[in-house]
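*Asks:* Dumping the structure here so I can ask a few things about it.
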Amino acid sequence: MGPVQGVACSGFPGGLCCFLVQRPHVEDFSLESSLSQVQVEFYVNENTFKERLKLFFIKNQRSSLRIRLFNFSLKLLTCLLYIIRVLLDNPALGIGCWGCVKQKYTFNGSSSEINWAPILWVERKMALWAIQVIVATISFLETMLLIYLSYKGNIWEQIIRVSFILEMVNTLPFIITIFWPPLRNLFIPVFLNCWLAKHALENMINDFHRAILRTQSAMFNQVLILFCTLLCLVFTGTCGIQHLERAGENLNLLTSFYFCIVTFSTVGYGDVTPKIWPSQFLVVIMIGVALVVLPLQFEELVYLWMERQKSGGNYSRHRAQTEKHVVLCVSSLKIDLLMDFLNEFYAHPRLQDYYVVILCPTEMDVQVRRVLQIPLWSQRVIYLQGSALKDQDLMRAKMDNGEACFILSSRNEVDRTAADHQTILRAWAVKDFAPNCPLYVQILKPENKFHVKFADHVVCEEECKYAMLALNCICPATSTLITLLVHTSRGQEGQESPEQWQRMYGRCSGNEVYHIRMGDSKFFREYEGKSFTYAAFHAHKKYGVCLMGLKREDDKSILLNPGPRHILAASDTCFYINITKEENSAFIFKQEEKQKKGQGLYEGPSRLPVHSIIASMGTVAMDLQNTECRPSQSGGGGGGNKLMVPTENGSGSRRPSIAPVLELADSSTLLPCDLLSDQSEDEVTPSDDEGLSVVEYVKGYPPNSPYIGSSPTLCHLLPVKAPFCCLRLDKGCKHNSYEDAKAYGFKNKLIIVSAETAGNGLYNFIVPLRAYYRSRKELNPIVLLLDNKPDHHFLEAICCFPMVYYMEGSVDNLDSLLQCGIIYADNLVVVDKESTMSAEEDYMADAKTIVNVQTMFRLFPSLSITTELTHPSNMRFMQFRAKDSYSLALSKLEKRERENGSNLAFMFRLPFAAGRVFSISMLDTLLYQSFVKDYMISITRLLLGLDTTPGSGYLCAMKITEDDLWIRTYGRLFQKLCSSSAEIPIGIYRTECHVFTSEPQDLRAQSQVSVNMEDREDTREVKGPWGTRAGPGSGHGCHTSSGDPAEHPLLRRKSLQWARKLSRRGTKHTGKVPAATEWVNQQRLSLYRRSERQELSELVKNRMKHLGLPTTGYEDVANLTASDVMNRVNLGYLQDEMNDQQNTLSYVLINPPPDTRLEPNDIVYLIRSDPLAHVASSSQSRKSSCSNKLSSCNPETRDETQL
C-alpha cells in the first residue's frame, strides 16, 4: 500500500481532525484518476450531545473546576440560609403549617411526653422560602444531570450513594412545597448540606491541582479533610441539638455550639444538657460518629506525617524566591559526610543565611535525623527524600532557584565505576532541569571526568589522592599541608594546651589561601611595578603574609611563583596565605616602627593575639647588605650552595648578612637555571661497581595517556618504550635476567605502592615523581605491588617512564613484600582497597589495612609508611600502643577541640601531623570551599603537579642542616631564598624529640640525656642544654650541642654486653641520681622486649633465604648505622619501641611568623619557579656557570635522606 499523508485541520468542534489521504496511482490498482484524494474526518470524542456535556462538566479540568466551585458555593449558601432562618424563627410566637392558625406550646419538664409540633414545623419567611426553593431547584437539576452523565449501566450504583441521598433529602421537599403550600413551613435538615460542601471542596482541590499541573500534597489534602470533618461534625451537632431542643428548653445556636465543643473535647462541664430523649439520642450518635471517624482521620494524618518526615516534604517556593539555598545531592547520606559539609559550608560568615537542601533517595538515617533536630541545623537544613533524576523531586528542591548544586559520589561503594555513573546521570539531570545552576561535582575515577566537564567545578578523587601520596614520598607530610590549607580554621586549636608544639601547630593551621586585587590591597599595592619575589619577601617581612601566586587580568591561568621576572600590575589578582583575609585585618603600624627602632634582632617581637586577627605576625628587621654589592655564591669556597654562609664579611666576628631582594630581576643573581638547556646533572657516569649500563633519559610528554582529560606534563622518559616483560620486577625475560630489586642495583631507595588494581588514577602517582623539574639523581625507582594483574592499556601508559615496575602480590603477604624489595625501600604507600568497602560496619572498612600496616611497622621499623584510610576517625589506631598515655592525652585534646566547634579536631593525632596517614574524605572540603573560593581547586592541582601551567612554579622541599643555622630565623630564610634562587617558602615540616609530660621531671630529663658508654660522667654536661633547651640550635630539635649522632641512646643499644655494662655503671650513680635505679630497670625491661624483635628479624631472614633473596640488605633497628638512625629519627620515621613511647614527633607549620627559629632537620616547603619560563631570557654566560649552581639546588641524594 502506498504512503498515507495526512494534514491536521483545526477549527472542527469536539476535537475533529481532518486528514487528506493520498490515493494510490491508477497504474497500481486500476482506479479512477479522478478519485486521487478523499477527505476523511476523525473525531477524538464522540460527536454526541452527552459526550459534549461530559467533556464540559467532568473531563475538562478547568470547566469542571468552575462547576465544582459553583456547587460548593451553593452548599455554603444553603447553610447560611439555614442559619438566617433559625435566627428569624421564634417558637414562642406560635407554631404551625403554612396558612394554619399558630399554636403556642410550653415545655413541661416533669412530663415524659414530647410535643413534636415544634420539631416538625418552623417559621419560614416568604422571601427566604423563595431563595431556598431556587437554590434547591438548581442543586437538584445539577445532581440529576451529573447522574445522567456518569451513568454506566447500573442505576442503583448512582442512587444509593450517600451524596445523592443527601441531595434528595435537602432539595425534593422544597420542590414539593411549590405545589403544596401548607408544607412550606415543614422542617428540612438543610444543615446537612455541609457534608456535601465538604465533598465538593475535596473534588475542587483535586481539580485545582490538576488544572495548574502541580503535584498535590497528600498532607495538605489530609489536613483539609480532617479540618472539614471536625467542622461538619460540630456544625451538624450544633444545628441538630438546637432544633430538637425547640421541644425542650429552646436553646439558641451559640449555646448549642458551646455544648458541642465541651462535649467533643471530653471536658463535659454539665451546665448545658439536652432535656428530651431525641436530642440526647442525637448526642449519642454524634459522639459515636466522632469516635469512629476522627481516629481514622488522625491515623491517616499521622501516617502521612511520618511519610512526610521520611520524604522531607517540599522546599517552599516563597522561601526559594526570598532566601538563598544550595542543594546537596548524594546517593546515601552518612553522618560524617553531613557534618563535614555543614561545618565547612557554614564556616564562612557570608553563608550563614543560606539554606541547605539535601536531596537523597534513601530514608534518613537515625543519626542524621538526630543531628538535624538540633536547633543549630534544624532551621537551616532541609532533608528531601527523592531522586535527582526526577523533575518532580528537583522541583521540590527548587533546583532552578538554587545558588549551587553539590553532587557527591558514594565512595563507600564496592564498584566505584557504578558510583561514578550515578553521579554522571545526576549531573546531567540537574543540568537539563536547571541549566543556570552552578554545578560542583565529585568524581571518583579519572576516566569518568570528561563526562562532567561542563560542570563549573570538578574534583577527581583518585587524581588528587595519588598525586598527594606521591608528593608525600619526596616532600614529607604534603597530605597534611594540603589538608590544613583547604580546611577552614580559626587558628585557635590547641591554644589552651600546655604543649608548645601543639600551640604553634594549631596557630599555624589557621592559615588559608585568600585572594585580592593588587590595586585594592594594602598588603601589595605599594609593590606595583616591582618583581614578584620582591613583593613576596617584603609583604612577608612587613605583614606576615605569604604571597604564593597571582593571575593576570587578561589570563585565566593561575601562576604559582612566576619568578622575579614577573612585574606586578595593579590589575593582577594576588593569592596569599594568611591567618585571615585582608578585609578582616587590622593594621597597627606602631608595632612596625618600634621594631625598626630596636637595635637587637628579634628582641621582643610583637606577639599580637590571634583572636584579634591582626595580620602583622611580628615584624622582621633584616640586616640587609648594600644593594650595590651582589653576592657571588659560586666562588669564595661557597660550593655553590644557596644557603652557604657568604664570604664577603671577611672575619667571623661580624654576623653573616644576606643579600637584598632586588626590585627588578637581575639574571646574574638568580641561582636556578634552565633544566632543559643544561644536561650536566643528568650526565651520570657509571661507576665501576655498579656494573649497569646507564640509559640516557629524554624529556618530553608521555605519548600514551590512560584516560581522556589528563593534563600533559613534561616528564623524564625513556628514549624507547620498555617491553611489557621488562616491567615485571620479580621475573626475568629475554632482555634482562633480574628477578629481585637487589639485582637491579638501584642507586636510590625504592618507592613501593600497594594497591588492589592498576587503575588509571595510579598514573597520577608516577607523573609527579617523573616530572621534568626533578633532577635525574633524585629519581627513585617505583614498584607497584598490585593484587590483580594490570591490563595492557595501563602498561602501555607507564612503559615510557624510567624505573617503573610492577609485581603481583599483596601487602599482607611477607613474601610479596620481600620480593618487591621492601628492604631497599624508603617509602611504602598503602592505598585503600575497594574490596574492603563491603564491610557490614562502615568503620570496619579500614580494619585489614590498619592491622597490615601495624605488622609492617613491627617487621620493618625503619620504613616510612604512608597509609590511606577510608574514615579519618580510624587514624588513631595507626601505630597503636595499648599503654601509650600520650595518645590518651591527645584523644582528650581531640574531644575538647571537637566540643569547641573545631573542624580539625583530628589534626593533633601524631600520624596525621607527621603526614603518615591520609583520608581522601579530608579533601571533600576542597569542593565545598570552591563555592566561596573558586580558585582553590586550580591552586591545589598546581601544588600537586596535576596541572602544569607555563610559567607556574611547583612544590618542592629543602632540608635545613647544621651548616644552615647561621640564617637563624624563617624570615631571614625567606630573604635568602628570594634573593638567591627566587623560591617562595610556604611552611616548615618540623621533627623534634618528645617524651611524656606525665613522667616525673627527673626521669624525663634522664630520657633526654644522650648516653656515652666511654664516659658516663659526661651525661651531666649534656643534661643542661637538653633540660633547659637552651643554646642556638637546641630548640625542640632532636640533637645535641656536639652534633655527634653517635651520642643518641639508640645507637649504643646493640648487644647484651652493652646492657650489662650499662647496668653495672648505673649502680655506681644511685646516690647522685635519685631515679637512676628505676631508669636502669626500664632499660633492662626493654632488653627483654628486644627478643621479640630478634624473632621478627629471624622470621624475615628465613623467608628471604627460602625465596632465594640475599639477606645482606636486611637491617633491623639494632643493625642500623648511626647516620641512618639519626636521619630517620629526625625525619620522624623511627620510634623507640623499646621504651614503648614516642621518641619523636613531626608536624607542619604553615606560613610561620618571620621570627620563628630554624632548627636542624627542618624541612622547608618551597614553591620553586618554573625553569622553562626563563629559557628565552637565559644567556650563554649563565649556562656556563649553571652546572655549579644546579648542584647546589638539590645536591642531596636519597642515601643521605635529604630532600
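The count begins at 1 with the first shown residue.
Every residue, even glycine, has its Cβ placed from backbone N, Cα and C.
Worth saying up front: this structure is predicted, and the values here are computed from it rather than measured.
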*Asks:* Checking feature assignment: transmembrane segment per TrEMBL, candidates 250-269, 450-469, 750-769. Which range matches?
*Replies:* 250-269
*Asks:* Is the transmembrane segment (69-88) in contact with the transmembrane segment (281-306), using three or more Cβ pairs under 8 angstroms as the rule and ignoring pairs under 6 apart in sequence?
*Replies:* no
*Asks:* So what's near the transmembrane segment (126-147) in sequence-distant terms, Cβ-Cβ under 8 Å and 6+ beyond its ends?
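*Replies:* Distant contacts of the transmembrane segment (126-147): 53, 57-58, 67, 71, 74-75, 77-78, 81, 84-85, 88, 158, 164, 167-168, 170-172, 174-175, 177-178, 184, 190.
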*Asks:* Over the domain 'RCK N-terminal' (748-888), what does the predicted model average in pLDDT?
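*Replies:* Overall, the domain 'RCK N-terminal' (748-888) comes to a mean pLDDT of 84.
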*Asks:* In the same chain, which residue numbers or ranges, 6 or more beyond the ends of the transmembrane segment (223-244), come under 8 angstroms Cβ to Cβ?
*Replies:* 79, 82, 86, 119, 187, 189, 191-192, 194-195, 198, 201-202, 205, 251-253, 255-257, 259-261, 263-264, 274, 276, 278-279, 282-283, 286, 289-290, 293-294, 297-298, 301
*Asks:* Summarise the domain 'RCK N-terminal' (323-459) as counts of helix, strand and coil residues per DSSP.
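*Replies:* Output for the domain 'RCK N-terminal' (323-459) reads 59 helix, 28 strand, 50 coil.
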